[in-house]
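Asker: Take this structure first; my questions come after.
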Amino acid sequence: MSRKDNEVSLARSIFNILSGTFCSRITGIFREIAMATYFGADPIVAAFWLGFRTVFFLRKILGGLILEQAFIPHFEFLRAQSLDRAAFFFRRFSRLIKGSTIIFTLLIEAVLWVVLQYVEEGTYDMILLTMILLPCGIFLMMYNVNGALLHCENKFFGVGLAPVVVNIIWIFFVIAARHSDPRERIIGLSVALVIGFFFEWLITVPGVWKFLLEAKSPPQEHDSVRALLAPLSLGILTSSIFQLNLLSDICLARYVHEIGPLYLMYSLKIYQLPIHLFGFGVFTVLLPAISRCVQREDHERGLKLMKFVLTLTMSVMIIMTAGLLLLALPGVRVLYEHGLFPQSAVYAIVRVLRGYGASIIPMALAPLVSVLFYAQRQYAVPLFIGIGTALANIVLSLVLGRWVLKDVSGISYATSITAWVQLYFLWYYSSKRLPMYSKLLWESIRRSIKVMGTTMLACMITLGLNILTQTTYVIFLNPLTPLAWPLSSITAQAIAFLSESCIFLAFLFGFAKLLRVEDLINLASFEYWRGQRGLLQRQHVMQDTQN
């Protein structure tokens, strides 16, 4: 077993990947503020988001985690035998993905151009924007291929930081074109994003060239990319189901309300932040290590690593869930309630966001559980579970969104329900295949009860202070007391958000220290993230040494 497959290496790698991704997410927040302030909640903006999501459909299907889970294990296997062999395999794989993406994009462009001749005005704008944005998918795929290689080189920070370029170009254009015609500036923004994604890919090129230059001679044995066809095909099917489910949610949101896609997209940006920033980051680091443990039948090490990441992820996501439910309104105000963005849209986004809140924990844990299947090269079970939950989500979204709640928030509540169902079936079938892991999730949930209780206590104290100080209008959609001072300026909104956040976090970590909740105390320890012992563990060691 490689000595890097331990808790220390996992913690350090997680810290590196989170650091780079965090920077890109921060600029993404400013991007959202700029969009809401200067572009408002207009149907043309909703059409832009629908087109933008369609472009990301290609990237989500072929790129990201799906590409990495197929490419990285095979690439590392080849590199262990010969660096030249791995380098030339990467060249072949890169050319295949690049060529396939270009052909696929041209086919979609041709189909959309034909459809464009026969559609009405509202649909015309959506299709036109999609056609302009489609080349972004080519550069996104090239960026993902390069990123997979750089992850093998342990260069997590730079890959996570590259999207900052896109966000900066996005923000600059939105501000520069704020006085232009709404339709013209949306079209111009689409063109600017194509340029932005080109530069995002360009940033990863030097690191790839540096690796390829190390391969000085052609290998004696040439490896075919056919070895990746099976895992890629099943992974693509799994990702396609998820993306089709997301697109169906957006279409259902349009069916429920004309501006429903905008409410859904803006809430998704916030709700997916902890999942993409932390959950998928942990998955990227965990997959290679667990794969080696399962394949070599070193289940003792595998159990330790899984227990470490499940406990860590559970603790973080419990805090994120509570924070989302508590701070949804002040947070959305800071991000969106500016300029042309109406208060009614803010309230609608908050309702959708709170519906998504219950899905944060299962959405973050599901990829980690899926690692147990991927480590055994078994992709069919997650695929069938994904198909089942996607179909259930579509039906439930229609029932809750259109008939029961009669609101876009019904779609988010349906997502939360089906997310827990998906996690249950993933763990059930993974336990059947690897019985030694069967009790691990339950043990992690049981251990997190103390974290959950402490978090709920901090939430109740924070709510109690709002009631006592008659400031419930900061966090309640239907406040108990009227507005004492206006929250129209970004300064007042930021003060309200930061005040609520600081009060909640102060009580949370204060109670954690008082009640000696180690999993919470460790989260605030830099040494813990460096892979060292937690605070309470070090205290126990010191006491034992003194005795």
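Start at 1 and count along the chain as shown; that gives each residue its number.
From the backbone N, Cα and C atoms, a Cβ is placed for every residue, glycine too.
Since this is a predicted model, take the numbers as computed values, not measurements.
Feature table excerpt (Swiss-Prot):
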{"type": "TRANSMEM", "residues": "32-52", "note": "transmembrane segment"}
{"type": "TRANSMEM", "residues": "55-75", "note": "transmembrane segment"}
{"type": "TRANSMEM", "residues": "96-116", "note": "transmembrane segment"}
{"type": "TRANSMEM", "residues": "156-176", "note": "transmembrane segment"}
{"type": "TRANSMEM", "residues": "186-206", "note": "transmembrane segment"}
{"type": "TRANSMEM", "residues": "227-247", "note": "transmembrane segment"}
{"type": "TRANSMEM", "residues": "270-290", "note": "transmembrane segment"}
{"type": "TRANSMEM", "residues": "355-375", "note": "transmembrane segment"}
{"type": "TRANSMEM", "residues": "380-400", "note": "transmembrane segment"}
{"type": "TRANSMEM", "residues": "408-428", "note": "transmembrane segment"}
{"type": "TRANSMEM", "residues": "457-477", "note": "transmembrane segment"}
{"type": "TRANSMEM", "residues": "495-515", "note": "transmembrane segment"}
Asker: Is the transmembrane segment (380-400) close to the transmembrane segment (227-247), in the sense of at least 3 CB pairs under 8 angstroms with a sequence gap of 6 or more?
Answerer: yes
Asker: May I ask you to check whether the transmembrane segment (156-176) and the transmembrane segment (32-52) make contact, with contact taken as at least three Cβ pairs under 8 Å and only pairs 6 or more apart in sequence counted?
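Answerer: In this chain the transmembrane segment (156-176) contacts the transmembrane segment (32-52) - 3 or more Cβ pairs sit under 8 Å.
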Asker: Report, as numbers and ranges, which residues of the same chain sit near the transmembrane segment (408-428): CB under 8 Å and 6 or more residues beyond its ends.
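Answerer: Result: 249, 252-253, 256-257, 260, 263-264, 267, 271, 348, 351-359, 362-363, 365-366, 369-370, 373, 381-382, 385-386, 388-390, 392-393, 396-397, 399-402, 441.
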